[in-house]
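Novice: My questions all concern the structure below.
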Amino acid sequence: ARLGCMKKIVFSFYFYTLGAGHSKAPCEERKSDLKPSAADAEAQRPTWSGRLEFILASVGYAVGLGNVWRFPYLCYRSGGGAFIVPYLIMVLLCGIPLLFMEFAIGQYTRLGPVHAFAKICPLLKGVGLATVVISFMFSTYYNVLMSWALFYLFNSFRATLPWTSCNNTWNDVGNCSSGFPGNATHLQSASQQFFDGRLLEKTSGIEEAGGLRWELFGYLLLAWVIVYLCIFKGVKSTGKVVYFTAVFPYFILFALLINNVQLPGAKNGILYFVTPVWGRLFEVKVWVNAAAQVFNSIGIAFGSMISMASYNKFNNNILRDVLIVSLTNSFTSILAGFVIFSAVGYMAHIHNLPVEDIATDGPGLVFVVYPEVLSTMPGFQLWAPLFFFMLLCLGLDSQFATVEVGVTFIKDEFGPKILRFLKREELIVLSVCIICFALGIPHVTKGGIYVFQLMDHYTAVVSLVFLAFFEVVAVCWIFGVSRVSLMVKRMLGKNPNIYFRACWLLLCPMLVLCILISSVVQYTPAHYGKYTYPVWAEGLGWGISLVSIMWIPLGAIQEVFDNKGSLLQHFYITPNIFSLTLCSVTKRSSDTAIRIYL
C-alpha cells in the first residue's frame, strides 16, 4: 500500500514538472515565474470574514437599479408574464453557468481579472485589463445616479413634495400638468419638469455644457465620501457594510408592495405586468432581450465577480453561492416588477389613463414616474424618503464592487511599489475614488445628462457585449471546459455536472454570440428622449467604446512579440496555472497537498 501511494506521488510530481517543461518543482516554478509584487500580493491577500459577507456583497452587486427600472419595463414591453419564461430559461442556460465560471476563476487563482486571464489564456490576457477599464469607466458615471438619489432624498423631507406643483420657478407653467398629460403631448408633468428644470437644469443638447450644477457637485462629492468610507479597508469594511445595504432594500420593497396592493387600480397595473402575450415568445428579439437582461443584471464581464471571489478561501462552496446570488437576483427583479406596476396601476386609475401611457424606461421610471406616484400616496412623508434611501442602498452595493475591481488590479500589479510612497492601502483606495470623482464632474454640468446617456450607451451596451464574447471564448473554448472542471474539482472535491459542462462548451458561447450579432444588426445610435446626438458626439461615443475594447488586440500583440514561440503556443495556459494553489496548500498542510496530488 505504501509503495502504491509513493508511486502515485512520484507520478503526479513527474506529471506537473514534465508538463511545465522544467525540472523544477511546482512551487519553485511558481516563484520564479511570477513577479515578486504579484507573489507578495497573493501571499498577503485578505479574505472575507465569513461566507455570508461574500454572498451579501455579490447579491448587492447583482441587485441594482436595473432590477427596479429595466426589468419591469422589458417585461411589460415583451409580452408581460410571457417574458418571464425566456427570462428564467436564460438564467438557467446563461446566468448561472457564467457566474459559476467567474467565481471559479477568481477563487482558484486568488487574483483579480487582469492577472487571472494572463494565467489562463495569455493571448487574450487583454480581456482581463478590458474588464478593469470598463468597470473603472462605469464607476465614474454610475455614482452620478447616487447624487440624484441623494438630491431626491433630501428634498423628500419637506412638508410638500416639490415635484407635485406647477407653481415653482423651474416650471414652464404653460406646458405643465399637475398629473400625467396622457395624450396631450405638448404638456409635461410637474415631476418631469422638476427632474429636467430643478435637478438637471437641462440645456438643449450636449453642445451646450451650461456650467456646473454646484448642488449636484456637492451631492456627488458626498456620494464618493460614502463609497470611500465603506470600502477603504477592503473586504474587511465592505463585508460589514453589505449586511445593511444588501438587506435593507428588501424590507422597503416588501413594505411598498403591501402598501401598493391596497391602493385603487393596483390590480390593473399588476395584471398588465403579468398577463402573458404568448405570441411574443415567437419573436427572436424577446429572447435576446431576456438574455441581455440576465447578462447585464448579474454583471458578467465587468470583472467584479472575479475580484470579489478572489478574496474567498480556497475551499469555499461557490456552487451554493452561485445559486443563491442568481435566484435572489431573479426574485428581486420580479418583486420589483410587482412593486412598480402596482403603483403605476394606481396612478393610471387616478388620472384615468391606460397603464402604457405611464410606464417608461430608464431613470425616468424611478426619478419621474415613481416620485409622482409617491406624492399621491397616503403617508408620502414616510414612503418618499424610504424609497430614495432604498435606491441609494441598491446603487452603493453595485458601486462598491466596480470600484473594487480597479483597486484589486492596482494592489495585485503595483502594490509593493505604490506602498513605498503612499505607505497605507487606504490611500490607494482614496486615490482611485478621487480620480473617479474628478472624471464624473462632466456629468453634473447642466448638459451632463447628455454626457451620462452617451457614456452609458457606449460603455454598458456596446463595449460590454464585445467584451463578454471574448471572455467566454477565452475561458470556455481556449482555456477549455476540462481545465475549468479541474479547477472546480480541486476546490469542491468533485467535477461540475454535465449541465454546467454543456453550458460552458456550447450554450453560453452561442447565446453570447447571438446577443453580439443581434446588437450589431439592431444597432441604433444613442439618443436621449427625442434628442439625437450630433456626428462628433457619436464619434466620441465609439471612442469611449474603444478605450476598453482596444486592450484585447493590444494584449494579444504584446504577448506574441514579447514571448517567442508559435502562435498556437500563445493560446495555451501558462505552465504554472495548476500549481498556483498547490504551493500555498503545501505551506499550510503537507497532508492536504498529498491528497490533492493523488
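Cβ atoms here come from the backbone N, Cα and C positions, even for glycine.
Those TrEMBL annotations? Automatic predictions, nothing curated.
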Novice: The disulfide recorded in TrEMBL for CYS176 goes to which of CYS166, CYS230?
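Specialist: Among CYS166, CYS230, the cysteine that TrEMBL links to CYS176 by a disulfide bond is CYS166.
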Novice: Are there any residues at least 6 positions away along the chain from GLY60 (Na(+) binding site) with a Cβ closer than 8 Å to its Cβ? List them or say none.
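Specialist: VAL242, THR245, ALA246, ASP397, SER398, PHE400, ALA401 - these are the non-local Cβ neighbours of GLY60 (Na(+) binding site), listed in sequence order.
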Novice: Neighbourhood of the Na(+) site (GLY60, ALA62, VAL63, ASN67, SER297, ASN329, LEU394, ASP397, SER398): other residues with Cβ within 8 Å of the Cβ centroid, in order?
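Specialist: For the Na(+) site, the extra neighbours are VAL59, TYR61, GLY64, GLY66, GLY299, THR332.
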Novice: Within this structure, do the transmembrane segment (216-234) and the transmembrane segment (382-407) have 3 or more Cβ pairs under 8 angstroms, counting pairs 6 or more apart in sequence?
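Specialist: Stretch pair touches.
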Novice: Could you check whether the transmembrane segment (457-481) packs against the transmembrane segment (323-348) - three or more CB pairs closer than 8 Å, residues at least 6 apart in sequence?
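Specialist: As far as Cβ distances go (cut-off 8 Å, pairs 6 or more apart), the transmembrane segment (457-481) and the transmembrane segment (323-348) do not touch.
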Novice: Measure from the Cα of CYS166 (disulfide bond) to the Cα of every one of the binding-site residues VAL63, SER297, LEU394, then give the nearest.
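Specialist: Going through VAL63, SER297, LEU394 one by one, the closest to CYS166 (disulfide bond) is LEU394.
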